[in-house]
Amino acid sequence: MNVSLIGSWMQSIAQPWLALSITNNALLVSLVAVAQFLPPLFLTLISGALVDKFDTRKLLFISQTGLMIVAILFTLMMTMFEISFLMIMVLSFLNGIFLSIDAPARQSFVYEIIEDDKFIPNAVALNSMSFNVARILGPGLAGLVIASFGIEYCFLINSVSFAAIIVSLFFIKNRRILSKNRSKNMLYSIRDGLIYAKNNHIISSMLYLLLIMALFLPHYNVTISALAKFELNGNEKTFGYLMSFLGIGSFLGALFIASFGKLNFKMIFAAPILASVFLILTGFSSNFYISGLFLLMTGFFFVVASSSINSTIQLKTKNEYRGRVMSIYSLFFQGSIPFGAIYSGVLVDVFKPRYGILMCALSALICIILLIRFKKVLFWKV
């Protein structure tokens with residue numbers, strides 16, 4: 001699985017850099033993110049209902065195969081034709097369709113293959129560690145591959161890497177129990193899941209916190225690429241190395257959660273506040289190494305928060321609602337990215353990249369503080 005994740009991270013670095021090299025415009029780069037993450041707005045809740053009705057492994061097989069085909073198409077378009085910005089948008093949109101199926105299925109699958117609930121926080125953290133090992137290696141490898149061989153090889157490597165996870169799906173056993181409500185109308189099933197999540201104050205609070213983080217914090221492909229090119233006067237290697245700093249911090253954050261276990265609610269809310277503070281400091285830095293250090297701390301606290309949110313939701317959700325609740329999780333995380341990408345892209349394009357980063361992080365800080373105030377988090381029993 002880690003090989004596939006490394007390939008995916010290489011593509012995630014190559015895709016915005018390809019768009020930036022063609023357009024030289026941060027706002028247009030943000031539109032690529034919009035194209036990729038727009039489908040989850042409409043399809044993720046439906047996918048969640050499907051996860052509660054059908055075999056998760058089959059859904060993962062469909063999504064992973066689709067993502068592999070998109071990577072192959074990127075490779076062919078770049079090697080056989082002169083790829084246009086419009087084609088990047090179209091392929092990014094197709095990628096988004098398969099991601100909308102993949103995300104809730106993958107999140108639910110983590111729970112399904114763990115036999116004892118007490119290991120869920122550790123499993124989520126280890127899954128996050130695997131993700132962040134790829135985040136460390138992927139960007140750096142992408143920078144080296146782009147500089148040494150060409151950007152199209154990032155897409156080629158990614159297309160080949162999907163074979164590993166597709167094959168592994170045939171050998172993984174799970175404790176899957178299909179929902180008793182398989183005959184329910186799809187719209188009723190989605191509505192039932194939304195009501196369940198809304199009425200559980202812990203699940204709803206975790207989802208709102210995730211939404212704030214997703215809207216304002218993780219748009220590194222837009223903000224950090226612009227910071228690397230226009231503020232630090234760097235190239236694709238600079239961008240890749242900065243993303244590797246972020247990945248190292250994220251890996252350490254996942255390692256912390258895997259070792260320490262579940263955080264209390266106050267610490268879960270404190271982590272994204274600290275991530276926002278270090279992102280603000282990144283915006284003020286004009287030194288590559290200091291920027292890298294601040295990004296490392298940003299990645300650490302972002303993953304501490306996101307891993308804790310994930311495991312808390314998994315543990316507080318009834319089995320029959322898991323697919324639908326995790327689809328809301330995926331919708332908030334992926335579906336909000338188009339709006340956050342536009343917001344950050346406009347700020348970076350209109351103002352300097354450092355001021356765009358500053359305003360994104362301040363927006364997150366304000367919203368988190370308001371959520372703590374209205375949800376009375378400080379008075380929750382731990």
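Using N, Cα and C of the backbone, Cβ positions are placed for all residues, glycine too.
Record features, source TrEMBL:
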- 1-379: domain 'Major facilitator superfamily (MFS) profile' (DOMAIN)
- 26-47: transmembrane segment (TRANSMEM)
- 155-172: transmembrane segment (TRANSMEM)
- 193-218: transmembrane segment (TRANSMEM)
- 238-260: transmembrane segment (TRANSMEM)
- 267-284: transmembrane segment (TRANSMEM)
- 290-313: transmembrane segment (TRANSMEM)
- 325-343: transmembrane segment (TRANSMEM)
- 355-374: transmembrane segment (TRANSMEM)
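Contacts between the transmembrane segment (290-313) and the transmembrane segment (26-47): absent, as fewer than 3 C-beta pairs lie under 8 angstroms at sequence separation of six or more. For the transmembrane segment (193-218), the residues of the chain that approach it from at least six positions outside its boundaries are 45, 48-49, 52, 265, 268-269, 272, 275-276, 279, 298, 302, 305-306, 309, 312-313, 316-318, 321, 324-325, 327-329, 332-334, 336-337, 339-340, 343-344, 360-361, 363-364, 367-368, 371, 375, 377, judged by C-beta separation under 8 angstroms. Tertiary proximity for the transmembrane segment (267-284) is limited to same-chain residues at least six positions away from its ends with a CB under 8 Å from its CB atoms, namely 206, 209, 212-213, 216-217, 227, 291, 294-295, 297-298, 300-302, 304-305, 308-309, 312, 353-358, 360-362, 364-365, 368-369, 371-372, 377.
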